[in-house]
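Everything below concerns the one structure shown next.
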Amino acid sequence: MVAAAVSGERWRLVLLGALLFSGLILDFGQCQQEEEGRSPTPSRKLKPSKAKLVRGAAKATPKSKVKATLAPPAAANQGSAHLTQVLNKGKFQRVGDSLVVRAGATLELRCKGKPVSWGVPDYLEEDDEGRLRTVQHDRYGTLTLSNSTGADTGEYTCFPMYCEDRDCRKQYDKAVPVYVFFSDPQELFVPSSSYYQVIQLRTNWPTVLPCQVTSPDAKVTLHREFPPVEVAVDGAEITFNVKRGFTIHRPKPHHAGELYCVASLGKLRQSSVKYMLIYVNYPMAPPTPVIQASSSSVAIGQNLQVTCTVIGEPDVVIDFTWEYPGQQIGRPMYTQESVVAEGPGRQQSQSVLMVDEVREVDGGTYTCTAQNLQGSRIATTVVKVLAASAAAKAKAKAKKP
């Protein structure tokens with residue numbers, strides 16, 4: 001009995017201790033809550049309240065308001081476009097400056113933008129035989145060319161469009177071009193509609209011989225027909241670009257003649273069309289004529305000469321035309337033209353209008369027009385025709401001391 005009483009007393013003490021411990025825990029938790037509700041003491045480090053406000057504002061902003069601040073579709077499409085080639089369904093490849101496609105295969109290009117416009121080689125713009133198709137989708141445009149040939153080789157360009165209402169225009173500064181070679185193992189040169197081309201060589205104007213090839217791997221050389229020699233391409237006076245052909249940067253008289261290109265790839269070797277280069281000394285500016293009459297006053301029956309002179313660059317052809325008073329009644333015009341050297345690097349071109357046995361109708365304004373490849377300019381002078389009595393008086397007056 002005594003042992004049982006002792007055991008019961010122990011259990012009461014254990015229960016009482018547990019109750020006291022629970023009370024202490026509850027009091028401590030309440031104190032912590034009250035401490036958090038009070039203002040912080042200076043000794044505690046505070047996090048910047050501004051950062052909390054920003055985060056809170058970002059979380060509180062509804063998604064619909066964020067969407068409302070986006071740019072309209074026309075402005076959103078002003079970003080830079082890019083081209084990709086569609087290889088297979090769901091498989092794409094971003095293109096660079098050039099692309100090689102086997103002749104006979106289908107070319108499909110995709111350009112991001114809404115809307116976009118396409119630029120293609122002139123050959124396709126004139127007649128694509130229904131092989132070319134462009135489609136505008138929701139966010140991109142596509143260009144598809146089927147049954148391709150070597151003649152389709154050239155530059156293909158995607159132009160992003162800027163639209164205001166229904167008025168759209170190309171954004172040339174954001175255009176994305178790609179040069180596509182349609183390689184043909186039987187045709188190394190891009191076919192031409194003519195066998196012979198005449199090209200004018202102008203002084204100080206770069207001239208291009210368009211020896212375009214269907215494969216960037218083809219080796220191309222320039223040749224002269226007579227005498228039959230290969231023309232040196234030094235990379236300065238003459239350069240070669242596989243997309244354009246040969247460029248003569250500063251044409252000179254010795255560049256003139258009949259030339260052609262030769263392309264070789266593997267065991268295949270082919271010649272291009274013939275190019276007849278004609279050299280023309282192209283002037284730097286229109287001519288400046290100076291006009292002078294043999295006399296500003298002539299008597300009826302006397303002869304009159306009106307001279308128009310141009311001093312300019314050598315080997316530059318000057319064309320002279322005249323307007324004169326007697327032209328109105330069909331009075332015939334007689335001219336005499338000459339070209340002479342006028343010191344180093346200069347020449348004198350001259351046209352003389354001759355009027356025999358002046359009549360009253362020959363009095364008035366004489367106009368000379370001098371023209372070269374750069375343009376034309378005019379010069380004028382006025383001639384008076386005196387009656388016989390007036391001419392005699394003028395002559396007598398001139399003889400008096």
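Backbone N, Cα and C define each Cβ position, glycine as well.
TrEMBL labels come from automatic prediction, so no person has curated them.
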Annotated stretch (region 'Disordered', per TrEMBL) among the listed ranges 55-74, 255-274, 295-314: 55-74
Local confidence of the prediction over the domain 'Ig-like' (287-384), expressed as mean pLDDT: 94
Helix, strand and coil residues within the domain 'Ig-like' (287-384) as assigned by DSSP: 8 helix, 57 strand, 33 coil
